[in-house]
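Reading through the structure tokens given below for one structure.
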Amino acid sequence: MPRAPHQRTAAPGKQCADACNAWSNLERDNDPRPCPFRTSAAPRHERPARMTVYFIRHGQTDWNAEGRLQGQRDVPLNATGLGQAESVAERLKAVAGASLAEAAFVASPLTRTRQTMEVLRASLDLAPKAYAVDTRLMEINFGTWEGSTWAEIRRRDSRGALARDRDRWGYRPPGEHGESYAMLVDRVRPAIADLQRPAVIVAHGGVARAILVILGYTSIREAPRMGIRQGSVLVLDQSRWRWA
């Protein structure tokens, strides 16, 4: 059966060439490293000219504070997270400026992202609930590991934890709905392809890593190890990414 358009992948050689070209265009001062995309890479999606994405990770939850894997469990913000949602609005206003007037606002459907989006919009004097929800932006599914800390997982499923350590990109956690980062990229890519104007996206750490790979900003080796901040704006424009 032929695959859907967003599931198509280029030949490995072309993937590597495209990814290396993307890497060479990044503005990395004094970075002598060779292209990290040597064996495989997710295809780069070409965005409309002058389109910028402002990515915001949801604020803190109690499970974040406890170091528990949330995945697609619906955990609300705690008091710290609500404060982060308010403060990130000022950061967004400062970095985006007038472009916010034409920006699309899109969030994951989980409570923690919707709370963050609604507090943020209210802080910007925008209608709190006037934004789109996209299920493709839900967090990576950690399967039966959700709700556990890494220490608990290593005690209970040491083989699985070791397998993930060896292949953080391709490993799929146990459980019917567990996802690898490779699977997450396939889910998120069409959502990014659908963007036709500047966008404010409120979603999750795993989704941010997927977007960085989809747009050619980082490698599949580096992405799973990248820290994604709460209370900050990840700015993705035509030439580089940065925190604001």
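Along the chain as shown, residues are numbered 1 onward.
A Cβ is built for glycine as well, from the same backbone N, Cα and C atoms used for every other residue.
Among the candidates Arg73, Arg91, Arg112, the residue that TrEMBL annotates alongside Arg57, His58, Gly59, Gln60, Thr61, Asp62, Trp63, Asn64 as binding substrate is Arg112. DSSP gives His58 (active site, tele-phosphohistidine intermediate) a coil state; it is part of no helix or strand.
The Cβ neighbour count for Arg112 (substrate binding site), using a 10 Å radius over every protein chain in view, is 29. The CA atom of Gly59 (substrate binding site) is located 14 Å away from the CA atom of Glu139 (active site, proton donor/acceptor). The CA atom of Arg112 (substrate binding site) is located 11 Å away from the CA atom of Glu139 (active site, proton donor/acceptor).
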